[in-house]
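Colleague: Below are the structure tokens for one structure; questions will follow.
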Amino acid sequence: MLDINLIRNNPELVKNDLKKRGELDKIAWIDEILRLDEEWRKKLKEINRLRHERNKIAIEIGKRKKAGEPVEDLLAKSKEIVKRIEELEKEVEELRKRIDYYLWRLPNITHPSVPVGKDENDNVPIRFWGKAKVWKGHLESFLEQSQGKMEYEVLEWRPKLHVDLLEILGGADFARAAKVSGSRFYYLLNEIVILDLALIRFALDRLIEKGFTPVIPPYMVRRFVEEGSTTFEDFEDVIYKVEGEDLYLIPTAEHPLAGMHANEILDGKDLPLLYVAFSPCFRKEAGTAGKDTKGIFRVHQFHKVEQFVYSRPEESWEWHERLVRNAEELFQELEIPYRVVNICTGDLGYVAAKKYDIEAWMPGQGRFREVVSASNCTDWQARRLNIRFRDRTDEKPRYVHTLNSTAIATSRAIVAILENHQQEDGTVKIPRALWKYTGFKEIVPVEKKEGCCKA
């Protein structure tokens, strides 16, 4: 939600930002907001004038009564004023609703460093890490995707896709999950279950070491939390509703964490508030028909460890960089080659002022795929959820800035581990950082196993 004062004081900035985002149909909204706002302020001014006049009449009525003079004319006039005030208050309320309709549907103002573009093809890679394993048939494409800025090892044998590795390793059952729940669901089995849990504890431990408070949030939230955290379009495309209840299954722990301090004034000395949450996530994935229909990359249900920060406005951009660095460190420990991408205006979404994605190299697929998103939402969520802070009790509260970043979405991290650490025979080596959590150092194909999860 945007600050109405920003639109009053700098409407051209807002219009230009909408143009950069490709939201051309909303540019006319700004003039309409200004027109409604001017009318709203005029009516408020008239209400205040009438209240002042009514107070003067009340004083005059008191004087006349004391003097034994008639007051009927003044009482009639006061009654008319009260009636007019009531009418104006209704008009003001209606104008406020119309203004809020637009304010609640406008995207955040982008940071100047966000590249202008139409879609994901215009996102800008800003750094690369690791030594990629590249099948010779993918080499030309890899060199283009990595801009020649990444070390690589050419493989003569073709790496398998994660969905095929899961079958070879006995790690998932998609057919029975489809029977029970439909498409984009899965049963995880055997060592992959332990790997999923290991990734959760690994990410939690690393972030707790950095001062984050661990949280398991509610897995369902009320509508006001979702409305405050995301866009209305997500209610159709992403979020599952519980029938007959004012409850929604969370698509990410970001949302219950954003709602955690709704309608609160925080003590400035407590900022920043650093949270790391574990939760399952539930997503409709509407509008993704035909994309990643096999495997566990794009699914309706998955586990995720999420970073979330409540920050002072002047510190939020520093925290944005720190959050993405935290996630990078996790993937470096997992020995997953990746690139960090600055997301362009057309792919940014409404909530974030700036977003970085970490995209892991997937040798089986021969391309980089998103595994982390890190966003600075500035005060967009805080205004909708009314989250403020102050340093002194006599100080006017200010809105906090909220930031979020994936630490690890386990299903996508598993995809990256399987594809990057596979051997030619289908065995998958477990990254050293996870050994103490898994209790085993590799996963071997089913035909070579003597039992699950052997060291």
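Glycine is treated like the rest: Cβ placed from N, Cα and C.
Taken from Swiss-Prot, the feature L-serine binding site applies to Thr252, Ala253, Glu254, Glu306, Thr406. According to Swiss-Prot, the ATP binding site annotation covers Arg283, Lys284, Glu285, Val299, Glu370, Val371, Val372, Ser373.
If you look at the structure here, what lies around each of the features I listed?
Modeller: Every protein chain shown contributes to the tally, and the Cβ of Glu306 (L-serine binding site) ends up with 26 other Cβ atoms within 10 Å. DSSP assigns Glu306 (L-serine binding site) to a strand in the three-state reduction.
Sequence-distant contacts of Glu370 (ATP binding site), defined as residues of its own chain at least six apart whose C-beta falls under 8 angstroms from its C-beta, comprise Asp357, Ile358, Glu359, Arg412.
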Colleague: How many angstrom lie between the most widely spaced Cα atoms of the L-serine binders Thr252, Ala253, Glu254, Glu306, Thr406?
Modeller: 9
Colleague: Using a 10 angstroms cut-off on Cβ to Cβ distances, just flag whichever of Ala253, Val299, Val371, Val372 is the loneliest among these binding-site residues.
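Modeller: It is Val299 that, of the binding-site residues Ala253, Val299, Val371, Val372, has the fewest other Cβ atoms within 10 Å.
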Colleague: Roughly how many angstrom lie between the C-alpha atoms of Glu254 (L-serine binding site) and Ser373 (ATP binding site)?
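Modeller: Checking the Cα atoms of Glu254 (L-serine binding site) and Ser373 (ATP binding site) gives a distance of 11 Å.
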Colleague: Using a 10 Å cut-off between Cα atoms, which of these binding-site residues sit near Thr252 (L-serine binding site): Arg283, Lys284, Val299, Val372?
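Modeller: Arg283, listed in sequence order.
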Colleague: Roughly how wide, in whole Å, is the group Arg283, Lys284, Glu285, Val299, Glu370, Val371, Val372, Ser373 that binds ATP, by largest Cα to Cα distance?
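Modeller: 19 Å is the greatest Cα spacing among the residues binding ATP.
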Colleague: Work through the binding-site residues one by one (Ala253, Glu306, Thr406) and name whichever has its CA nearest to the CA of Arg283 (ATP binding site).
Modeller: Ala253
Colleague: Please report the Cα separation of Lys284 (ATP binding site) and Ala253 (L-serine binding site) in Å, rounded to an integer.
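Modeller: Rounded to the nearest whole number, the Cα-Cα distance is 16 Å.
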Colleague: How many Å lie between the Cα of Glu285 (ATP binding site) and the Cα of Glu306 (L-serine binding site)?
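Modeller: Distance between the two Cα atoms comes out at 19 Å.
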